[in-house]
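Engineer: Before I ask anything, let me first share the structure, which is written out below as structure tokens.
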Amino acid sequence: MSRTRTRPVLAVAALGAAAALVLSGCVSRDGGGADADAAFPTGTITMFTPTQAGGATDLTARTLASEMESILDTSIVVENRPGGAGSVGMQHLAGLSADGHAIAVLPVEVSMLGHLDYEIDPADYDFLGQVNAQPGTIAVPASSPYETLDDLLAAAEEAPGSITVSNAGAGSIWETGAKALGAEAGVEFQGVPFDGGAPAVTAAIGGQVDAVVASVAEVAPAHDDGRLRVLAVFMEERAPVLPDVPTATEQGQDVVIGSWAAIAAPTGLADDVKATLEAAISEAVESEAYVSFVEDAGNIPQYRDAAEATEFVLAEHERFGALLAG
Amino acid sequence: MTPVLEGIGALLDPTILLCLVIGTLLGTLVGAVPGITATMAVALAAGFTLTLEPLQGLAVLLSIYVAAQFGDRVPAILINTPGTPASIATTFDGYPMAKAGRAGVALTSSALVSAVGSLAGILILIFLAQPIAGIALRFGPIEMFALVAFGMTMMVGVSGGRIVKGLAAGALGLLLGAVGRDPISGEQRFTLGIPELSSGVPFIAVIVGVFGLAEVFNQIVEARSGRAAKPIEQLGRWWPDRAERRSLVKPAGIGAGVGAVVGVVPAAGGDIAGIIAWDQARRASKHPERFGKGSLEGVAAPDTASTATMGGSVTTTLAIGVPGDSVMAAMLGSMIVWGLTPGPALFVQNPDLVFSIATIMVVATVAALGLSLVRMQGVVNLLKLPLNTLAVVIITFCMVGTFAVQNSVFDVIVMLVMGVVGLGMRRWGFPAGPLVLGLILGPLAESNLRRALLIDGPFAVLGSPIASVLIALSVLALVAPHLLRILKGRSAARARSTADAP
């Protein structure tokens, strides 16, 4: 008897509790809606990298994340999704919801992979800012007979395909860099793709190839201690870590090419969320910790805001389409 | 002298000591648990150590590597099941000793000679790493191809006598290694439109699958059919007496020599060294008839040899960038992530690292020896875990560890599939070693050969003395055993005919 009598009481109590919950829920949601700018970020932000932990892109992400954590007053977790030349992580990001809590550091490959038979399109991402530049170089072994870029190009012109140039791998930015130089100078190199930048540079130090195209950061130490001779850097001005090396442009070859990284989110971010992230990135990029991290590695802490970065990535995408088709 | 001091000094950080202790404990544990190999433990731990500093991570991985070779003797001696493949030959005489009530002496002697072997191998690392690195810069693509080709001839050795099945497994490994983007042109090969396969079949997932998971599956199958081995109850005396200690010297010396040579050879590890050393010690022994029936010498030789391979394997891996054995293949991946890409460049950029690594290995050896002697009886208790509990624990670790390598569910699926493939291979007698060798060495051979062809054209091999010698050695390694057998057969036949003649 007592059990049947208590039931309605319980039911009423439960109903009341539910109503209270619903009401309080509405109230808090209204409060949030009225001040959306302050609401973002509402939780942990995940910053993906399409690369292994410990590499240059990963370290860039970790350094920026720790700066942005204090700027945005939230925790930022760096998560690595390597594989498929970066396409696995990029596709993962493109499939996440565009609420600003999923962002990624995307390297130059985002503008290249689409031309190399991967399903990657820069239009799938909202770019929030470029965070660095890693200019390309061409270098020869210390014992090489080629003293200047002209010497090397003359040799390549004399016997097309006889000059071997190592690079970081098939479809890498440095394979494309050698192609870009060849196209500009009207000569043909024999590209030799290695499995990463370090073995490609080692092959040049050991004299197995005639030259290597790699980033400033990868060749500067060997240039400084005389194991390699950098003939040209592929940027508008001379590289700060290689002040004695002329640019390709100075030597009459208009080649400006290199790797870079940008922060991106899945396309369709709300304007206020985008503005908050963009501001946080621009502040983080100027922090002392980040600038010294980039410069110590031999790279350039080059920043472009969201609009400039988007324009830049699309321009790179178009340029690589022409270079990679050839 | 400076790199020596810098290398050793870099280890004074107390966190590195902590990593060493953790690695030694883990290594002894995983070694003692049949099913978890040192390769797998290192691969699993690699997923968790990637975020550490390189030296901290190396301290964990190297001490697991060293300590697992002490722990794996325990089940080999007590239940006739090698804890890791490195102690396969330990079972030949260790288990008969245990059955005869001499398990204690076998365990203690095994730990002592293992320490001797490990230290001998580390001496190789210290004294030969620099010369090997000196010639290593001369290793261009064609030399690397020749070296990898030589490594691939070991498929026959790791087949354990089942040559046709071993080569079939190796061919499967080579096929799996062909999956992914073409290393030179970048075109897709057998990727089935799966982006994860662009960078090839994830080899850590394959290793964990065909070694770890397949072993667990196999034990489950054997336990259900009631064929699981029973542990020994009587352990007997622990410390070897004077005569026994003296009898250890000669087989330990033979073992150290065999282990040092086999260790330097790429892709050949403790399992092969152990078997060869057991055979050599038997030939050299005054009592060859006791081998296989509980000879202490038969325990000492393989155990010294398998630990002596470690220094050599590390030397080869560091100096040339070709894995010295399967454990180093797993460790290679972590080192690349840490920016310590093994190969000639490493010695130029981080000369002190060799001494750091040697010191880590010496400390890990001493710690593992101490742990073995003090806690041997405790480790024995671990084996009393019921199989159903143990299997669940191991499978969970396999999945978590494989996922952690690159946060990829796809890798876990590959591991599970390869676990089933590995079980099938085991049941039908196909060795797993050649498969992993093929998967790891196949892409290395292909990409280096094609680079060499781009650089020097079709006669690249002839232009390089190192490559020519290595290719000749590879051919010899394949042909010599057959020639010897034919010659022996002839002389035996002649001996028989002369004996029959009168």
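Just so you know, glycine gets a Cβ as well, placed from its N, Cα and C.
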Engineer: With the ranges B:50-67, B:428-445 to choose from, which does TrEMBL describe as transmembrane segment?
Structural biologist: B:428-445
Engineer: With the transmembrane segment (B:428-445) as the reference, find which of B:105-129, B:200-221, B:353-374, B:394-421, B:465-487 contributes the most Cβ pairs under 8 Å.
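Structural biologist: When the Cβ pairs under 8 Å are tallied, B:200-221 comes out ahead.
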Engineer: For the transmembrane segment (B:394-421) against the transmembrane segment (B:200-221), do we get 3 or more Cβ-Cβ pairs below 8 Å once near-sequence pairs (under 6 apart) are dropped?
Structural biologist: yes
Engineer: Near the transmembrane segment (B:353-374), which same-chain residues lie under 8 Å Cβ to Cβ, leaving out any that are not at least 6 residues past its ends?
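Structural biologist: Apart from its flanks, the transmembrane segment (B:353-374) reaches 3-4, 6-8, 10-11, 16, 20-21, 23-25, 27-28, 55, 58-59, 62-63, 65-67, 69-71, 107-108, 111-112, 114-115, 118-119, 122, 125-126, 129-130, 307, 310-311, 314, 318, 340, 346-347.
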